[in-house]
Amino acid sequence: MDGDRVEIDGGIMEGGGQILRVSTALSCLLGLPLRVRRIRAGRSQPGLRPQHLSGLEIIRDLCEGKLEGGEIGSTEITFTPGKIKGGTHIADTKTAGSVCLLMQVAMPCVLFAASPSELHLKGGTNAEMAPQIDYTVMVFKPIVEKFNFTFNCDIKKRGYYPQGGGEVVVQMSPVKELSPINLTERGTVTKIYGRAFVAGALPIKLAKDMAAAAVRCIRKEIRDLYINIQPVREPDDQAFGTGSGIIVVAETSTGCLLAGSSLGKRGKNSDKVGIEAAEILLRNLKHGGTVDDSLQDQLIVFMALAKGVSRVKSGPITLHTQTAIHFAEQLTKAKFTVTKSEEEHPSKDTYIIECQGMGMINPNL
């Protein structure tokens, strides 16, 4: 450590942008100056991409912090946080960089701000290598609100690869502290629903084909449930560019939400897009956990900040989750344990992620 600066190696484990998101959000919350080296060392194009830089800039602006090394391609940054303030903040990747990943980095911080916040996030709403905005609204939001906060997410405009051009407005009020969550009872699947969308130059037939292919695929495993996947053509004034994709969500009797999603791209058959989403969903339903593999790592920071013990039952622990746990433990006083779940059939790959949270208290309230 240089003085009291926490040193983070951005090249280990997942080796990508997630290390940056987790560590800068926690640095901002805990008032810990930070140096991150070897940023995205594990990627084909190492260093900061526009999306990561936008994430750093919104964190810097949220707390009137100091950021050095904040340029595209930079593999090392230092960050000195200030005091988190509410108000309106804008982050624009100017590319198809994911607005959902911007939300991931900013959201924990504004929960502990002095006053309500409004985040205007611009970029891609349905991007590869990131949760789709539909996933954020349909799955992430209802589950993360179990930590005892709420937020509003208004999709102003959807934006797709390669230009982006989407905009989402997130409104949140600060909280005094976060409650722990207990997501260990999966229950039975009670309904399956989703949306298959096209935008721009693509015909609605593609959305119908994706939806039909997904339904056929799920029917092979789950016969007796009504499956409602709506084909949608995004209104032209609410979408920028051309894109397509699908999300399929399973809801259980205990309120768990698990999903599978997929994006269309040039040369990819629409049946294949639908089948891909359905197969991801079915895989997530097989392991018996209460969260899918996309939600797993997104809950870690909140578990670390909450007051008390959180428990989540999941399928195999992803590298993203292992990475989030590693850095959450390095920066906070939270303690995680991951154990194989005893009550499931031995052939099932099910785990309990348990966290004794640090009990972060909002100093401003």
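Any Cβ shown, glycine's included, is placed from N, Cα and C.
Straight from TrEMBL, the features:
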type	residues	note
DOMAIN	13-338	domain 'RNA 3'-terminal phosphate cyclase'
BINDING	Gln104	ATP binding site
DOMAIN	184-285	domain 'RNA 3'-terminal phosphate cyclase insert'
ACT_SITE	His320	active site, tele-AMP-histidine intermediate
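On the backbone, the CA of His320 (active site, tele-AMP-histidine intermediate) and the CA of Gln104 (ATP binding site) stand 13 Å apart. Least packed by the Cβ count within 10 Å, out of the recorded positions Gln104, His320, is His320. Confidence for the domain 'RNA 3'-terminal phosphate cyclase' (13-338), expressed as mean pLDDT, is 97. Across the domain 'RNA 3'-terminal phosphate cyclase insert' (184-285), DSSP assigns 35 helix, 37 strand, 30 coil.
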